[in-house]
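TrEMBL has this to say about the protein:
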ACT_SITE  C185  active site, thioimidate intermediate
BINDING   G180, G182  K(+) binding site
BINDING   215-238  NADP(+) binding site
DOMAIN    9-337  domain 'IMP dehydrogenase/GMP reductase'
Amino acid sequence: MRIEQDLKLDFKDVLIRPKRSTLSSRSEVDISREYTFLHSGRKYRGVPIVAANMDVTGTFEMATALDKQMLATALHKHYDDDALVAHFSALPDNATRFYSMGIGAADMAKFRRVMERAGPAIKSVCIDVANGYTKAFVDFIHSLREAYPALTIMAGNVVTGEMTEELVLGGADIVKVGIGPGSVCTTRKMTGVGYPQLSAIIECADAAHGLGGLICADGGCTTPGDVAKAFGGGADFVMLGGMLAGHDECGGQLEEVDGVRKMRFYGMSSRIAMQKYAGGVAEYRASEGKEVLIDYRGPVENTLQDLLGGVRSACTYVGARKLKELSKRTTFIRVSQQLNEVFGKS
Ligand SMILES: NC(=O)C1=CN([C@@H]2O[C@H](COP(=O)(O)OP(=O)(O)OC[C@H]3O[C@@H](n4cnc5c(N)ncnc54)[C@H](OP(=O)(O)O)[C@@H]3O)[C@@H](O)[C@H]2O)C=CC1
Ligand SMILES: Nc1nc2c(ncn2[C@@H]2O[C@H](COP(=O)(O)O)[C@@H](O)[C@H]2O)c(=O)[nH]1
Ligand SMILES: [K+]
């Protein structure tokens, strides 16, 4: 047993220190980014925020709404072949869509079938497993890269520099970072495993960038300020679940509880998700996700305005004319309190 003494940070432990700036309006900030992916060689341009591949948020409807602002969507993996082929075949040119899958034989068989029918339209995939530290996962990335050299591969999740390097070297263009920070995640509670998300981002970004790779910070953002901190810490993409839940574009029905409109949101490893897609929880494991009822928030467009406005504003506070400059201009200061909650939490 060892104890690492370095302090690790979460979003709540820091604020971004303001810096002198020549920007006179938030409208002057460009929050899009351009990347050329290390392995696929493909070019990307967009606002590097990605809807999570959860069945509530990674929907076709969400993707279409996010396209308007050039955000990306990782579609959930439970759509059938025909639906995926139809969606990818009709994709607008500048839309960023990740086809998501796990690493099982059935996942791969389905991917091959869909690729055969929609091939050139599928440019990016998201290989998503709870535990990105297994040999089976690394081997899967290697063989996928070998079979599809021109595919942009996002893969995770991991939280440490050495595993980020292994995945970048093994064929991932984007390493997905985050174990246990999610809004409906119970991994830390059930297993005691995890890593404070801001430190994970800082350390994994450093490791990936050293090799020409990128990272996607996945999970734990609860406010636009957290998203700004993730970018400030070095994230190239930020993936959001909870912040995009509760909208018209989400999977799931509106429910009324005591006269208040609510929507259901749950982890992909929750009991309810396993019942829906796997016929229940396997006898040797526990669920690592929970289900919540959240307030209905209308069309996602309004939430996007808040989100993007917040990130633009963060950029002006540190004098970053482009999102690209935000991490270079970010100094985090450690804090013991960051919000005044005298009138409540919002
Ligand atoms: N970012 C995070 O912290 C987490 C995210 N999730 C999300 O939920 C989805 C479903 O997760 P889940 O059904 O738990 O698993 P996955 O879909 O990630 O399972 C992938 C494979 O890994 C094996 N495996 C070995 N050890 C583990 C482990 N500790 N946790 C999970 N799988 C393991 C599983 O086999 P076997 O089932 O036989 O063990 C399975 O074959 C994930 O794809 C992810 O999106 C879930 C948990 C954590
Ligand atoms: N441990 C678990 N993590 C999960 C589960 N379902 C999804 N996730 C992860 O959370 C993020 C989204 O985080 P949020 O804070 O933005 O809501 C998602 O992309 C997954 O990585 C789960 O059941 N258990
Ligand atoms: K995910």
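Each Cβ is built from the backbone N, Cα and C atoms, and glycine gets one as well.
Sequence features annotated in TrEMBL and their locations in the structure.
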residue	record	DSSP (3 states)
G180	K(+) binding site	coil
C185	active site, thioimidate intermediate	strand
I215	NADP(+) binding site	strand
C221	NADP(+) binding site	coil
V227	NADP(+) binding site	helix
G233	NADP(+) binding site	coil
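Other Cβ atoms within 10 Å of the Cβ of A230 (NADP(+) binding site) number 34 in total over all chains. Closest in space to G182 (K(+) binding site), of the binding-site residues given as I215, D218, V227, G233, is D218, taking the CA atom of each residue. Across the domain 'IMP dehydrogenase/GMP reductase' (9-337), the prediction's mean pLDDT works out to 97. Contact annotation for recorded positions (G182, C185, D218, G233) versus ligand 2: G182, C185, D218, each with CB under 6 Å from a ligand atom. Here D218 (NADP(+) binding site) is positioned 12 angstrom away from the residue listed as 'active site, thioimidate intermediate', judged by their C-alpha atoms.
V227 (NADP(+) binding site) sits 17 Å from G180 (K(+) binding site), taking the C-alpha atoms as the reference points. Of all the binding-site residues given, namely D218, D236, the one with the smallest number of surrounding CB atoms inside 10 A is D236. Considering other CB atoms within 10 Å as the measure, the emptiest surroundings among the binding-site residues G180, G182, P224 are those of P224. Comparing D218 (NADP(+) binding site) with G180 (K(+) binding site), their Cα atoms are 10 Å apart once rounded. Filtering C185, V227, A230 by Cβ distance to ligand 1 (under 6 A) retains the following recorded positions: C185. The recorded positions C185, I215, C221, V227 differ in how many other CB atoms lie within 10 Å of their CB, and the one with the most is I215.
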